[in-house]
């Protein structure tokens with residue numbers, strides 16, 4: 001083969017490899033720094049990864065205790081937590097999809113299933129709270145998960161209509177107050193949750209407190225969720241009116257929810273079970 005041909009081939013190969021490096025570095029830069037910024041992505045990815053890693057490290061011991069415990073509610077909740085934690089890790093890792101052209105469908109589907117999974121756990125725990133001390137056996141499990149499935153199914157259907165029928169960007173956060181329907185939906189969503197947690201707090205300080213689990217961890221859980229949803233409600237109301245502070249506060253509540261809610265749920269509902277055989 002002539003030397004000129006070999007030289008041209010080597011030059012093309014070198015040019016191709018050198019052009020791939022800026023592309024890869026550009027994608028990495030976009031993944032880490034673009035869209036919402038470094039700290040937003042770092043908090044979400046690190047928190048969700050550490051929690052999944054913790055579950056993985058504790059899995060052998062957890063499976064052993066689950067096999068001895070024979071609690072249908074705990075077993076179902078544990079595996080649901082695993083599934084949602086993996087979804088949340090994927091959602092945290094692929095934040096760049098939110099700002100990438102052509103990734104809107106993938107981002108909306110991932111966000112829809114992740115948020116719905118977390119809502120399923122949240123509603124299930126609320127239903128468990130209202131079951132009180134009677135929450136044992138298969139019947140309460142069926143009732144609790146049945147209520148949760150109905151609520152979350154309706155939530156998925158409503159959000160899917162907003163996303164795919166009306167084209168409303170529920171999960172693409174832009175500082176744009178023109179999407180009043182989007183913010184109205186989030187206001188209603190947060191208002192319902194705030195009222196429910198507020199009612200449970202009221203029950204803890206009323207004659208009906210005996211219907212709720214007599215554990216300080218549950219009270220702290222409800223208090224934290226009440227404050228978080230009240231802040232999110234306030235932020236959605238401000239964002240709908242185009243207030244920059246409201247949009248910033250909304251982002252803070254979203255990051256806190258996805259980064260810390262699942263560990264909070266684990267500490268509240270499952271940690272005590274796995275400490276005792």
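A Cβ is built for glycine as well, from the same backbone N, Cα and C atoms used for every other residue.
Keep in mind that TrEMBL annotations are predicted by a computer and have not been checked by a curator.
Remember, it's a predicted structure, so these values are computed and weren't measured experimentally.
The feature compositional bias 'Low complexity' is assigned by TrEMBL to 7-19. The region 'Disordered' annotation in TrEMBL covers 1-21. Annotated transmembrane segment per TrEMBL: 38-57, 77-97, 109-130, 150-172, 184-205, 217-235, 247-271, in sequence order.
Below 8 angstroms of C-beta separation, residues 122, 126, 129, 158-159, 162, 168, 170, 211-212, 219, 222-223, 225-226, 229-230, 232-233, 236-237, 240 of the same chain, each at least six residues beyond the ends of the transmembrane segment (184-205), sit close to that stretch.
Against the transmembrane segment (109-130), stretch 77-97 shows more Cβ pairs under 8 Å than any other of 38-57, 77-97, 217-235, 247-271. Within the same chain, residues 36, 40, 43-44, 47-48, 51, 55, 74, 77-78, 81, 84-85, 88, 91-92, 114, 118, 121-122, 125, 128, 173, 175, 217-218, 220-221, 224, 228, 231-232, 234-236, 238-239 sit at least 6 positions outside the transmembrane segment (247-271) and bring their C-beta atoms closer than 8 Å to a C-beta of that stretch.
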